[in-house]
Amino acid sequence: MRWKLNSSVYKRMSSKELTTILNQDIENSAKVTSLQENGNPPWNLSLPHICVATLISFLFGYHVSVVNEPLESISLDLGFAGNTLAEGLVVSTCLGGAFVGCLFSGSLADGIGRRRSFQLSALPMIIGAAISASTNRLEGMLLGRFLVGTGMGLGPPVASLYVAEISPSYVRGTYGSFIQIATCLGIIVALFVGIPVKDAAGWWRMCFWVATAPATLLAICMEFCAESPQWLYKRGRIGEAEAELERLLGASHVKAAMAELTRSDRGEDGDSIKYSELLYGRHFKVVFIGTTLFALQQLSGINAVFYFSSTVFKSAGVPSSLANICVGFSNLSGSIIAMLLMDKLGRRLLLLGSFIGMAVAMGVQAGAASLHHLSSGTIYLSVGGMLLFVLSFSLGAGPVPGLLLPEIFPNRIRAKAMALCMSVHWVINFFVGLLFLQLLEQLGAELLYSIFATVCVVAAIFVRKNVVETKGKTLQEIEVALLQTQ
């Protein structure tokens, strides 16, 4: 697809700038001719590399949920039963570690490459899970959870980068959805693994030992995966970039892909970008879009719903373990639907529909909370609103930001910009988890859910005004489109 400029834009351009645009049009036409001759690159060549990369997302989901069921048994065995502060630390220490890991993810991904960053993220997850599984003291549990958190913070941003950079453009949305699906599977597996914890003494230790297996598998399998051609090209390793493109796309598509990388590098200097440079200048707009999307995602109340789901389901007479599984499968179902629709309807439309659906679902929750008499109808309304909210979230607001942002960030800033956006995600995630119960007590469910619904409406408006469609476009075409709108 060619990007068109109107006549007023042409008039404001110098002859040099106009020549550059015309040359790009000629090159784009040549690329279209090449695609018509060779067709789309085969999707199956990059699929094994994608599947290995999404192991980090599986681990992310697993560790987020691994302490849900076993927390009571852990507190009894480690001697802090009844200490709500200690129980909260076991859960939230992981978030603190994730924030720390996320701060370094951009520099590491740019410095040592995507593959080595994956392997590095697996290391603290293996060590941390082993420490948590074998400890007999609260301090050991907290240390293990913190180490696991650093891996959780480092790995997912790199996964988003890697998937966007090695996927053929026509299936990039589908492959990007694998990240969310793997996260959902990790959550569900953790819930099922934790089921025997109340009947088998010390089973909580097995829950942590299980997590070492996929982390070890990630570290080993990544040794045989392709490195990101974008990263290799940026480091000046042209021959290696061509070899990896042949592994990922096939020999007939290497020439066109290398021409694409050359165009993306035009006009960029080779120096490493600083984080401060992301906050001003020509890159500010895309970074602002990215950080705002993640902020609105977390402020929508999704984690608050996850935290409060057990209480709502208990009031309907549903056991907490079954409640968590219902929420998990609702999340997984929506993620699978999003995978099927991502490259057909596009990212922007899914985001819009997702936030609107979340606003409606949260409005249902607020309406149920306003009915002061507890009846079966009120309970079913609350449960239905909650499941609808999770389903709507998983259709767009969950999977799309992690896919969309690596697409709209230029190659030069991609790793550090993702790290910055994910840092915002973790900070807001932490404070939502910390303050939710207090806000619920002080404001009441009706007002709090109304606030969440309002945030979802604001998010839909923001998406409509600021987010561009990236479906089926190469990373270079997306970059050119965004630069023209500035």
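Positions of Cβ are set from backbone N, Cα and C atoms, glycine also.
Your range for transmembrane segment, going by TrEMBL and the list 85-106, 239-260, is 85-106. Given the ranges 142-163, 208-229, the record in TrEMBL names 142-163 as transmembrane segment. Across the domain 'Major facilitator superfamily (MFS) profile' (49-471), the prediction's mean pLDDT works out to 88.
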